[in-house]
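**Student:** Okay, so TrEMBL annotates it like this:
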type     : residues : note
TRANSMEM : 35-65    : transmembrane segment
TRANSMEM : 77-97    : transmembrane segment
TRANSMEM : 117-135  : transmembrane segment
TRANSMEM : 167-194  : transmembrane segment
TRANSMEM : 214-233  : transmembrane segment
TRANSMEM : 262-278  : transmembrane segment
TRANSMEM : 284-305  : transmembrane segment
TRANSMEM : 317-334  : transmembrane segment
TRANSMEM : 354-372  : transmembrane segment
TRANSMEM : 392-415  : transmembrane segment
TRANSMEM : 435-457  : transmembrane segment
């Protein structure tokens with residue numbers, strides 16, 4: 001049913017485009033590019049075949065239909081440092097989990113809260129605001145904190161659908177996913193967005209530049225969302241009384257029982273973070289520190305990174321992201337993105353009020369974002385179109401780029417929009433109505449504050 005619905009929507013778009021004369025603005029090559037884009041959206045959203053083979057099919061269409069000038073140009077997306085940065089961050093996160101860093105974080109958090117539910121419910125969002133700096137994987141953070149939340153919920157004798165369990169699950173899924181945006185090294189999507197800004201000439205921001213631009217609007221929207229959703233869940237949950245007595249039972253393992261390579265791993269990781277913070281990315285490319293760190297972890301004295309660990313990476317996602325980036329570059333290089341931006345400008349006249357223009361941009365991004373289950377694939381396609389539009393309407397490319405990062409990264413309307421929200425939806429804690437409402441509230445607040453930031457901050 002889902003696959004049929006997506007086909008109907010895409011067919012409807014093409015029907016309207018043909019009968020309205022919109023396609024007349026595109027050359028034959030650009031029309032073929034649009035066809036490939038529609039096929040890619042269908043394959044990656046409806047998933048009639050696995051993501052890996054579907055990505056190979058999209059590459060084959062780019063070459064076979066002749067829209068790529070040369071065969072090599074169809075693979076340009078795989079030359080992006082962002083792809084390999086994501087691989088490196090994933091390997092580093094696995095190393096941190098292997099040495100027990102996740103258990104240390106869980107135990108320190110438990111001790112800081114002294115087992116009190118009220119402190120945990122306040123401290124958990126605050127922890128997630130900064131944890132992406134030290135653990136750059138939303139799924140790793142989810143896997144660390146979910147057992148902790150479940151254990152505390154059980155120790156207090158709360159119901160499976162208690163207010164504590166629901167709010168905690170929201171924090172480690174929706175809230176956690178948004179927290180990734182705080183730094184461009186916080187996860188795959190942020191890295192990808194940063195690389196797009198470099199590729200399209202928006203600018204090469206430093207680690208601190210990105211953090212400075214992002215932390216006020218991002219944290220404001222996240223904390224406001226957490227407050228509103230807490231009140232919503234409290235209203236929806238029949239029994240919302242929370243006991244606030246401390247418990248004595250330990251939740252995690254003792255920090256004294258650490259892996260024998262714990263401190264070398266953690267200290268080396270801290271050095272990598274400090275290198276990002278205090279060096280100029282124009283002098284020391286951001287990919288160099290994680291490359292050297294992975295090599296360090298593979299040294300015989302450490303011996304944690306090996307071929308087995310590298311093979312465990314999700315190479316299907318690598319194919320999908322590389323293909324989507326290639327498709328985005330193709331849209332830009334053959335002029336398809338520019339024509340789409342010009343068509344968008346006709347729908348939203350360039351002499352309109354700037355606020356209405358930005359609001360229209362956000363609505364357009366929401367519409368396209370709904371077609372993608374993967375935020376990185378979404379921004380790879382949306383970015384070249386919207387950057388071309390920025391030049392037409394004279395909106396700052398940097399402000400529009402940050403707007404796209406917050407809106408695309410923060411749009412989690414349905415669980416499949418990110419792995420952590422998908423797993424949260426599978427736990428049976430939320431009703432379907434609750435999880436859709438949470439996604440809508442979170443996405444709306446994030447987009448609204450991003451719009452305000454365009455005028456007041458960026």
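Each Cβ is built from the backbone N, Cα and C atoms, and glycine gets one as well.
Note that TrEMBL annotation is computational and uncurated.
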**Student:** Hey, which bits of the same chain come close to the transmembrane segment (392-415), Cβ under 8 Å, at least six residues off its ends?
**Tutor:** 174, 177-178, 180-181, 189-190, 193, 196-197, 200-203, 213-214, 217-218, 221, 341-342, 345, 350, 354, 357-358, 361-362, 365-366, 369-370, 375, 378-379, 382-383, 386, 421-422, 424-426, 435-436, 439-440, 442-443, 446-447, 449-451, 453-454, 458
**Student:** Most CB pairs under 8 Å with the transmembrane segment (214-233): which of 35-65, 77-97, 117-135, 167-194, 262-278?
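**Tutor:** Between the candidates 35-65, 77-97, 117-135, 167-194, 262-278, the best contact partner of the transmembrane segment (214-233) is 167-194.
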**Student:** Determine whether the transmembrane segment (262-278) and the transmembrane segment (77-97) share at least three Cβ pairs under 8 Å, counting only pairs 6 or more apart in sequence.
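**Tutor:** Answer yes, regions in contact.
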**Student:** Is the transmembrane segment (35-65) close to the transmembrane segment (317-334), in the sense of at least 3 CB pairs under 8 angstroms with a sequence gap of 6 or more?
**Tutor:** yes
**Student:** Taking a Cβ cut-off under 8 Å, which residues six or more beyond the ends of the transmembrane segment (117-135) line up next to it in the same chain?
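**Tutor:** Distal contacts: 93, 96, 101-102, 105, 109, 141, 144-145, 149, 152, 156, 164, 167-168, 171-172, 175-176, 179-180, 182-183, 186-187, 219, 222-223, 226, 230, 242-244, 269, 273.
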**Student:** Are the transmembrane segment (77-97) and the transmembrane segment (284-305) close enough to be called in contact, which here means at least 3 C-beta pairs under 8 A that are separated by 6 or more residues?
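**Tutor:** As far as Cβ distances go (cut-off 8 Å, pairs 6 or more apart), the transmembrane segment (77-97) and the transmembrane segment (284-305) touch.
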**Student:** Out of 35-65, 284-305, 435-457, which stretch has the largest tally of CB pairs under 8 angstroms to the transmembrane segment (354-372)?
**Tutor:** 435-457
